[in-house]
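Read through the structure below, which is laid out as structure tokens, and then see the notes.
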Amino acid sequence: MRKDERERDAPAMRSPPPPPASAASPPESLRNGYVKSCVSPLRQDPPRSFFFHLCRFCNVEPPAASLRAGARLSLGVLAAFVLAALLGARPERWAAAAAGLRTLLSACSLSLSPLFSIACAFFFLTCFLTRAQRGPGRGAGSWWLLALPACCYLGDFAAWQWWSWLRGEPAAAGRLCLVLSCVGLLTLAPRVRLRHGVLVLLFAGLVWWVSFSGLGALPPALRPLLSCLVGGAGCLLALGLDHFFHVRGASPPPRSASTAEEKVPVIRPRRRSSCVSLGESAAGYYGSGKMFRRPSLPCISREQMILWDWDLKQWCKPHYQNSGGGNGVDLSVLNEARNMVSDLLIDPSLPPQVISSLRSISSLMGAFSGSCRPKINSFTPFPGFYPCSEVEDPVEKGDRKLHKGLSGRTSFPTPQLRRSSGASSLLTNEHCSRWDRSSGKRSYQELSVSSHGCHLNGPFSSNLFTIPKQRSSSVSLTHHAGLRRAGALPSHSLLNSSSHVPVSAGSLTNRSPIGFPDTTDFLTKPNIILHRSLGSVSSAADFHQYLRNSDSNLCSSCGHQILKYVSTCEPDGTDHPSEKSGEEDSSVFSKEPLNIVETQEEETMKKACRELFLEGDSHLMEEAQQPNIDQEVSLDPMLVEDYDSLIEKMNNWNFQIFELVEKMGEKSGRILSQVMYTLFQDTGLLETFKIPTQEFMNYFRALENGYRDIPYHNRVHATDVLHAVWYLTTRPIPGLPQIHNNHETETKADSDGRLGSGQIAYISSKSCCIPDMSYGCLSSNIPALELMALYVAAAMHDYDHPGRTNAFLVATNAPQAVLYNDRSVLENHHAASAWNLYLSRPEYNFLLNLDHMEFKRFRFLVIEAILATDLKKHFDFLAEFNAKANDVNSNGIEWSSENDRLLVCQVCIKLADINGPAKDRDLHLRWTEGIVNEFYEQGDEEAALGLPISPFMDRSSPQLAKLQESFITHIVGPLCNSYDAAGLLPGQWIETEEGDDTESDDDDDDDDGDGGEELDSDDEETEDNLNPKPQRRKGRRRIFCQLMHHLTENHKIWKEIIEEEEEKCKAEGNKLQVDNASLPQADEIQVIEEADEEEEQMFE
């Protein structure tokens, strides 16, 4: 019985009956993501024949059934006629016909291929011209093509029959001209396009030549007739296909729409984005009314958007909460209502009945809020990246709106903002959604202070900033085990902290080494906090205790010392709820009724606490501005004692750095840090950015220890590059327009020691002054932050250099090459390793007084400057710099543009990195010796690995002169010329008389002429580029640049050495040629002797 019922109900289940037309929207239980609709059934394809596949192969649409039936009937009639003719003939006729057929077949077998080629040529030409003139489709504008074969061959046939002088072989050219004339007249009739007419003429000449040369087996009179016949057949076939068949590219003929009876009812999934989920009708469900959908909209229904909006509001709160009973009430709205009721209770003019009612409502809402428990947020929203804010007055924060939790570019809804009725003067501090590195989102109980009976968020909450408790490592590990990013550095977590014991208020906990967060940290690390600067303490005693504690909290992005904030103790004798709430504001009213007396006491308490807070803040700022005397004492005495002598040695382009290294002896390992400290003192960068000396020296000593003891790319090279960028940016430059004067570079700072908003600091060297207004200086046109980034980049630019080139690392699949995808491998490694060192320990944080935006800008500039030292990108930078600074159509360098200043700094560090050939001869040879030894070490390793030895790195065949000459000619020379042409090289004006100037010009011309007699044209051009004529200013003034002078002299010396080597090689070659005259006999004897020795060894 059950089986019969199931069989009877099965059809109803497969095709449920449609609902009545008058039915309203279906019940909510049926709206489960599926709708009833009707679809057209799939039709079975008809059987395919050979003719159908042939049409598909020819790219045409198969004909209709009626056309196919007529074609079959015609073929049948033709076959019957042929069969009847054969049956009615006599046997004798069959024999004669067979003999004639054999003769015809023997002749046609030799002519079949040319005839078929002619037919195909006419077929494809007709198809092309037909569709090119009209496009695909039916029409009657191309039937003139049927006359084309006749014009090609019938004219030739007539000339052959009636003009006997055209029958010889030499008259073939005349017959071809006759054919082309006939075809040309034919193309004029239908107004063929010019290119099509030319194509037809070329085609006619080609097919005539095929007929003339390929049909030699046929009689001469029969050749044009058969050619015309097959050509006409090809044209006719092409026109027939174009007339009776459709091209597949054309739109097919419209088909009749399916009737309602052909549709089958089905149940299908509903397209969520094409329905109005909160007000759709039955017609939309059953497919009777179409709802057009914009294809650009996301497939998300309105219910999903509402749920998403609500969930996102919860995620963006500092504490993700919801009611335990699952009632789905937004606690932020509930707490807003409680705040508004509490504000109304303060009004003394309200009647007692209203006050009683309001107190009852507040108690009910407080009881409901107290029953809610927080839930762990398993999602990590992206709150944006806020800069570190400075010390703010809590009173001023009360009327300020929260930061938006999400970027304005996205389409996500923003969290609900705090609203206040303004009926009371209570503080309404609003805490933004923050991210904590150590503990993620903490509960209020964990952040409160258990001693002294403190409670949280009562009506008398003062919301002062104190020191939070430290969460144990086991809790942090348990809570964030699944949320940490795979492969993250362990230093980015507080699990390595040595202190895990809760401390009392006013003390600080240990902090792990700082890290540099990026945007991915906010998505993968929910425990990152965006903090407040240090400056918010509850008392002066707490502040001094903090200064004595070395384990201070540091910002992970800008290095500021910070204090995390929690609520403090409340006055005794007041009951407060201990439960948490989901309100973003930290001032949540309790369930107990309030009165006016308590409110006045609260205001008095808040004023007292605020005065204490501001007092502690002032002490903090005073102490932060005072220099740390103990740290200065711990520094190396050499930094202070030899400052004057060291800066005097460095005030020269030819800084004798190797003599300084020998003088320092065992302390030469600290040359980079000492020179860096000296330069920062000279330029005033230590005072401008409030750089602590101890952290500064700690970092740069660790940085120079990371340089390897290799011949060239060591700490001495880094120090030389640092000196070069300092010299190029602080020495006087003739004719450079100076944007900021010396008195304008000293910017005034605020009372806290920081620059005011909108002010830009500029520096100047204490060891050098600008002689007059005809000189300028790069330090007056480039802000101090950018120059400091340039100096730091020079110190970092070859950190942890392995002594091998990028090409070697790529060829050997080194880990760095794999990590950086073979692009600027060493430069990326230097920058990343140097910044990793800076972020590894808090005692390296010498940039702690930079705000967030300054630090981000500084880091960007340092990385860009280091990456610019890649010689593979040398010519790209050179072309860009020439287009900006030296192009006649360019406006020159705009010092107000950050991009132009960045380009100047990049070219400056590039020039400093390869400044060896621009030094005097002794320094240049010392640097050349270092780079050559490093090259030879790489060549030895390449030979050991079986790799081809790179150019100039083979120790067995030294080419020192060619290496340096090529390096100067192609790399250093063009860069220095471009930098000099832009007017950025330091130098001095030289007063000369007209006669002296003329003589110097003549001497230069003579020198160039003498050199041109011995060198080729390329060397002459290079020599002219490296020997620029003295630039005359104001008639009798020219510029002398020490850098260009040394570069020119070194280049001349290397060229002379190359010439001497070439002459020596030529002399040795001539000697070898003279000696080789008697060598053949000796060679033969030597070969015979070797053969005899081999035979003796074989016999032995």
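The backbone N, Cα and C atoms fix where each Cβ goes, glycine too.
Binding site for Mg(2+) 1 per Swiss-Prot: His717, His797, Asp798, plus Asp913 from the candidate set Asp887, Asp900, Asp913.
Looking up Ser273, Ser556, Ser897 in Swiss-Prot shows the phosphoserine annotation sitting on Ser273. Feature annotation from Swiss-Prot across Ser15, Ser25, Ser512 places phosphoserine at Ser15. Swiss-Prot gives the label phosphoserine to one of Ser274, Ser378, Ser433, namely Ser274.
Taking every pair among His713, Asp798, Asp913, Gln964, the residues recorded as binding AMP, the greatest CA to CA distance is 21 Å. With respect to Cβ neighbours within 10 Å, the binding-site residues Asp798, Asp913 differ, and Asp913 shows the lowest count. Put simply, His713 (AMP binding site) is 10 Å from His797 (Mg(2+) 1 binding site) when counted between their Cα atoms. The two recorded residues His717 (Mg(2+) 1 binding site) and Asp913 (AMP binding site) have their Cα atoms spaced 8 Å from each other. Under the three-state DSSP scheme, His713 (AMP binding site) falls in the coil class. What surrounds the Mg(2+) 1 site, by Cβ distance within 8 Å of the Cβ centroid and not counting His717, His797, Asp798, Asp913, is the set His713, Ala718, Val721, Ala794, His801, Thr869 from the same chain. Here the binding-site residues are His713, His717, His797, and the one with the most other Cβ atoms within 10 Å of its Cβ is His797.
The predicted model assigns the region 'Interaction with RAPGEF3' (1-28) a mean pLDDT of 47.
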